[in-house]
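Quick look at what TrEMBL lists:
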| type | residues | note |
| --- | --- | --- |
| DOMAIN | 1-406 | domain 'Major facilitator superfamily (MFS) profile' |
| TRANSMEM | 101-119 | transmembrane segment |
| TRANSMEM | 131-152 | transmembrane segment |
| TRANSMEM | 222-244 | transmembrane segment |
| TRANSMEM | 256-276 | transmembrane segment |
| TRANSMEM | 288-310 | transmembrane segment |
| TRANSMEM | 316-341 | transmembrane segment |
| TRANSMEM | 353-375 | transmembrane segment |
| TRANSMEM | 381-402 | transmembrane segment |
| REGION | 453-495 | region 'Disordered' |
| COMPBIAS | 478-495 | compositional bias 'Basic and acidic residues' |
Amino acid sequence: MFGNRYFGLKGVKLNIAIGTIAGLDFLLFGYDQGVMGGLLILPSFTKVFPEINVAGAPPARQNHVSVIQGRVITGFGNGMNTSTVPTWQSETSKSHRRGQLVMIEGALITGGICLSYWLDFGFSFLEPSSISWRFPIAFQIFFAAVILLLVLELPESPRWLILKGKEDEAVSVLSALSDLPSDDPYIRSEFAAIKDTVLEEASGSFRDLFTMDKNRNFHRTVLAYVNQVFQQISGINLITYYAATIYENNIGLTPFISRILAAANGTEYFLASWIAVFTIEKFGRRQLMLFGAVGMSLSMVVLAATTAVGGTAAGIVAATFLFVFNTFFAIGWLGMTWLYPAEIVPLRIRAPANALATSANWAFNFMVVMVTPVAFSSIGYQTYIIFAVINAFIVPCVYFFYPETAYRSLEEMDTIFHKTTNWFNVVKIAREQPRRYDKEGKLLVSYEETEEYQQNEGRRRSSVASGLRSKGGVHGIENLRHANPDYAAEKGHAE
């Protein structure tokens, strides 16, 4: 039925292939984030890229320019990927698997970080050879090459295809993703639901992010943006960037042991991130976000207390709670911010809204990383108290403002926001809105049976009837009736 398209894959296998490529993309993202941290302290690296007194050496200046150019290019590429891959993943996934698949992407971010930590550590033994830093940097090419070779053979988003007028191909993609014939009622219902949404929202622009019509674009954009902000101001990068320093300064361990513990922290972070993969659909988005925020707040309280007390014993407890904090973050917030924004915004503004939300991730990442050293120097352990309060504040925000999206199709979320009248009742409406799919992805309510379909159908009929009246008066209406198969059947002359 599908020939050799998509490598001959369909159904679950095709979904796994899409998830694998999306996961590799986020593995590359995580690797890129972690790889430089272990290289900056290598003598062979600092000799080529001196951090101090670079003004008098033209070759060093050129080397710095090369590094900056490379980081800008990779940063630009990662920025594009992290703003588009979650959208592609969400739009090609079934509602009951979408969360799990995107959580895997989040887990693979930590997988990339973990891999880079240990690779840096292993190649550090090759000092003073420059291979100790050249290979870890160059190794990123492997992931990029695999992605580039395979992604072109995987299906495009069916929503994007409909938006571009390629409806036959969209049906083919939906059929392949579900491993069902193109004329199956499930495929037809899914296609109709997507098409109605796409046609209604086909003329979006960046300005539409700030509109508050029935689609409540601004409302949804704010939820997506703040979701990314919350992830970064939780304090995760306080640990990601400064774990080794804390181990060395608070506990008095050697730099070598501190680097090992930092890598071990990254490994535990990676393992903990898989908990969300198996719980995201069982408990939903809201419960995991609430659980994570509460746990992170309590962890920061413990870190503040133990750091204030000081001493070896308190330092060991503090080191332990760096692992604990990572666990709560991995479960509740690591992959959530790549899933939730893609689920909450409508198709018309999904690309610019996700790009804007992703920019918040990078901007507040930068802010936290730059402010944290100054805060530790100025107020010491009270830095942890600030992050404890921030995480505590996240809890009521999620509870009152963030609707549950689990087991909802992207079109169902549109319906929920169409019924929303203010910022405070969207959670209640989402809780009361009947679901179209069960926890196994089986269709419970056909799109043709929904209130949304009836409204869209009514608008279509009114539009067509209005056009025919202007052209043919009463005869135009009669022509419309005869064009309706149901009317023809009633009159006994159906073809």
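Just so it is clear, glycine is given a Cβ too, placed from its N, Cα and C backbone atoms.
Automatic prediction, not curation, is the source of TrEMBL annotations.
If you look at the transmembrane segment (353-375), the same-chain residues 6 or more away from its ends with a CB under 8 A from one of its CBs are 79, 82-84, 86-87, 209, 217, 220-221, 224-229, 231-233, 235, 237-238, 241-242, 337, 341-342, 345, 383, 386. Between the transmembrane segment (381-402) and the stretches 131-152, 222-244, 316-341, Cβ pairs under 8 Å are most numerous for 222-244. Comparing 131-152, 256-276, 288-310, 316-341 for CB pairs under 8 angstroms to the transmembrane segment (222-244), the maximum falls on 316-341. Below 8 A, the CB atoms of the transmembrane segment (316-341) and the transmembrane segment (131-152) form no more than two pairs separated by six or more positions in the chain, fewer than 3 in all. Residues 17, 21, 24-25, 27-28, 31-32, 35, 38-39, 42, 44-45, 74, 116, 119-120, 123-125 of the same chain lie 6 or more positions beyond the ends of the transmembrane segment (131-152) yet place their CB under 8 Å from a CB of it.
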